[in-house]
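Only one structure is covered here, and it is reproduced in the block below.
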Amino acid sequence: MVRVTLVNYTRRPLETITWAALVSYWDEWSTESFEKINEDDVKAHLPRILGYGHESILEHATFTFSIEGCSRVCTHQLVRHRIASYTQQSQRYIVLNEENVEETFVIPESIKKDRELYEKWKKAMAETIKLYKESLKRGIHQEDARFILPQAVRSKIVVTMNLRELKHFFGLRLCERAQWEIREVAWKMLEEIAKREELRPIIKWAKLGPRCIQLGYCPERELMPPGCFKRTRERWMKLLEKPL
């Protein structure tokens with residue numbers, strides 16, 4: 001099971017974004033005016049400014065997540081989003097100690113459905129762990145012993161993105177056509193934001209969702225799975241059930 005946690009974010013993020021936006025055209029703007037920005041100011045200005053497509057202001061708010069238990073297949077996709085900061089568990093310094101195959105590796109459900117194949121996978125992965133540990137016992141350094149480990153090995157990573165990049169990330173990775181594991185991570189990240197009462201409005205105003213939510217239509221119509229727009233929209237709307 002992948003665990004995603006929003007561990008930190010910009011203090012008063014909506015007020016910060018609004019305050020930054022107002023510097024462009026508010027004569028009374030000052031450093032001190034930040035503390036005067038309130039919820040009414042946010043509601044009065046932020047939806048309108050974002051509605052114009054002026055999204056650079058979103059870069060003034062950042063969010064830091066911890067992601068635990070995903071595979072290196074997933075983290076390799078994650079770090080392709082280059083306007084972000086990443087720090088990942090190192091196989092050079094951390095020794096793989098788990099004996100349980102399920103706790104050590106991510107095994108896709110498609111493999112588990114084929115019982116015979118699943119048993120072969122577990123056997124192969126158990127042999128991988130055995131050979132990895134034998135290499136360490138023979139004096140092979142961790143930085144070399146890790147070469148035997150597959151991409152399925154579970155990892156941990158800390159991710160920091162500004163809100164504009166987070167919107168771009170969600171647009172691509174919440175889509176049903178995204179690979180299943182990173183899609184699961186992306187939904188958990190969005191759900192973590194939705195848990196915070198002060199953050200939930202930005203999901204609606206900035207349209208933090210897959211591209212079909214952001215655009216109002218699917219840009220990959222010919223490729224989309226049947227019914228995915230309806231399913232995705234319903235799941236997204238559930239995050240907004242409480243009044244904004």
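Here the Cβ of each residue, glycine as well, is placed from N, Cα and C on the backbone.
Residues or ranges marked as domain 'ThyX' by Swiss-Prot: 2-207. Annotation source Swiss-Prot lists FAD binding site at SER56, ARG80, HIS81, ARG82, GLN88, ASN162, LEU163, ARG164, HIS168, citing sequence analysis. Marked as dUMP binding site by Swiss-Prot: GLN77, LEU78, VAL79, ARG80, GLN88, GLN89, SER90, GLN91, ARG92, ARG146, ARG173. Per Swiss-Prot, the feature motif 'ThyX motif' maps to 80-90. What Swiss-Prot lists as active site, involved in ionization of N3 of dUMP, leading to its activation is ARG173, and the listing cites sequence analysis.
The structure, with features from Swiss-Prot marked on it.
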residue : record            : DSSP (3 states)
SER56   : FAD binding site  : helix
GLN77   : dUMP binding site : helix
GLN88   : FAD binding site  : strand
LEU163  : FAD binding site  : helix
HIS168  : FAD binding site  : helix
ARG173  : dUMP binding site : helix
### Query
What span in Å does the FAD site cover, taken as the longest CA to CA distance among SER56, ARG80, HIS81, ARG82, GLN88, ASN162, LEU163, ARG164, HIS168?
28
#### Entry: Euclidean distance between Cα atoms of ARG173 (dUMP binding site) and HIS81 (FAD binding site), Å
11
### Task
Compute all pairwise C-alpha distances among GLN77, LEU78, VAL79, ARG80, GLN88, GLN89, SER90, GLN91, ARG92, ARG146, ARG173, the residues listed as binding dUMP, and give the largest one in whole angstrom.
29
### Message
Let me make sure I understand the structure: which of the binding-site residues listed (VAL79, LEU163) has the fewest other Cβ atoms within 10 A of its Cβ?
### Response
VAL79
### Query
Which of these binding-site residues is closest to GLN88 (FAD binding site) if you go by CA atoms: GLN77, VAL79, ARG173?
VAL79
### Most crowded position, judged by CB atoms within 10 A, among SER56, GLN77, GLN88, SER90 as binding-site residues
GLN77
### Task
Provide the number of Cβ atoms within 10 Å of the Cβ of ARG173 (dUMP binding site), excluding the reference atom itself.
21
### Message
Below 8 Å Cβ to Cβ and six or more residues apart, same chain only. Which residues does that give for HIS168 (FAD binding site)?
### Response
HIS81, ILE83
### Query
In Å, rounded, how far does the Cα of VAL79 (dUMP binding site) sit from the Cα of LEU163 (FAD binding site)?
16
### Task
Select the most exposed residue of HIS81, ARG92, where exposure means the fewest other Cβ atoms within 10 Å, treating these as the binding-site residues.
ARG92
### Separation of alpha carbons, SER90 (dUMP binding site) and SER56 (FAD binding site) (Å)
34
